[in-house]
């Protein structure tokens, strides 16, 4: 559960992401594919090379979904229900991959916003991404 302080930290941090959400999403995906090569198995039809239009497009989807989640911190299950259905029933993504992408997102955010990435903000963003991952895997049962 996100505390009021966590919610403030997440909203403030995400306000600095702003228009870069898609770019950061794509960078985090690239970082994940390079650091955890087994994650590529879910994207056999993608060109996974650096700067790929497909990775950029998927990164935008990731960024947009997280922006939506930030706007609905009090109702993540409602805000992410359709995305949860997609990942559970159609894509069948192994839940561990959400943790890997979350880690890569944290690295990307820290790299681009070092002055704002305090230990408290890091902890709040980690809790937020963990909650998002939990919601996205909640329908796997």
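Positions of Cβ are set from backbone N, Cα and C atoms, glycine also.
Listed features, source Swiss-Prot:
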type    : residues : note
DOMAIN  : 1-141    : domain 'Globin'
MOD_RES : 7        : N6-succinyllysine
MOD_RES : 8        : phosphothreonine
MOD_RES : 11       : N6-succinyllysine
MOD_RES : 24       : phosphotyrosine
MOD_RES : 35       : phosphoserine
MOD_RES : 40       : N6-succinyllysine
MOD_RES : 49       : phosphoserine
BINDING : 58       : O2 binding site
BINDING : 87       : heme b binding site
MOD_RES : 102      : phosphoserine
MOD_RES : 108      : phosphothreonine
MOD_RES : 124      : phosphoserine
MOD_RES : 134      : phosphothreonine
MOD_RES : 137      : phosphothreonine
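Feature map: Swiss-Prot annotations on the structure.
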residue: 7; record: N6-succinyllysine; DSSP (3 states): helix
residue: 24; record: phosphotyrosine; DSSP (3 states): helix
residue: 35; record: phosphoserine; DSSP (3 states): helix
residue: 40; record: N6-succinyllysine; DSSP (3 states): helix
residue: 49; record: phosphoserine; DSSP (3 states): coil
residue: 87; record: heme b binding site; DSSP (3 states): helix
residue: 108; record: phosphothreonine; DSSP (3 states): helix
residue: 124; record: phosphoserine; DSSP (3 states): helix
residue: 137; record: phosphothreonine; DSSP (3 states): helix
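A straight line from the CA of the residue listed as 'heme b binding site' to the CA of the residue listed as 'O2 binding site' spans 14 Å. A 10 Å cutoff on Cβ-Cβ distances gives residue 40 (N6-succinyllysine) a total of 13 other Cβ atoms nearby, all chains included. Looking only at the domain 'Globin' (1-141), the predicted model's pLDDT averages out at 94. A sphere of 10 angstroms centred on the C-beta of the residue listed as 'phosphotyrosine' encloses 22 other C-beta atoms.
Following the DSSP three-state reduction, the secondary structure of residue 102 (phosphoserine) is helix. Packing around residue 102 (phosphoserine) is summarised by its Cβ count: 19 other Cβ atoms lie within 10 angstroms of its Cβ, all protein chains included.
Of all the modified residues given, namely 8, 137, the one with the smallest number of surrounding CB atoms inside 10 A is 8. Within 10 Å of the Cα of residue 7 (N6-succinyllysine), the following modified residues from the list 24, 40, 49, 102, 124 place their own Cα: 124.
Per-site Cβ counts within 10 Å over the recorded positions 7, 11, 58, 87 peak at 87.
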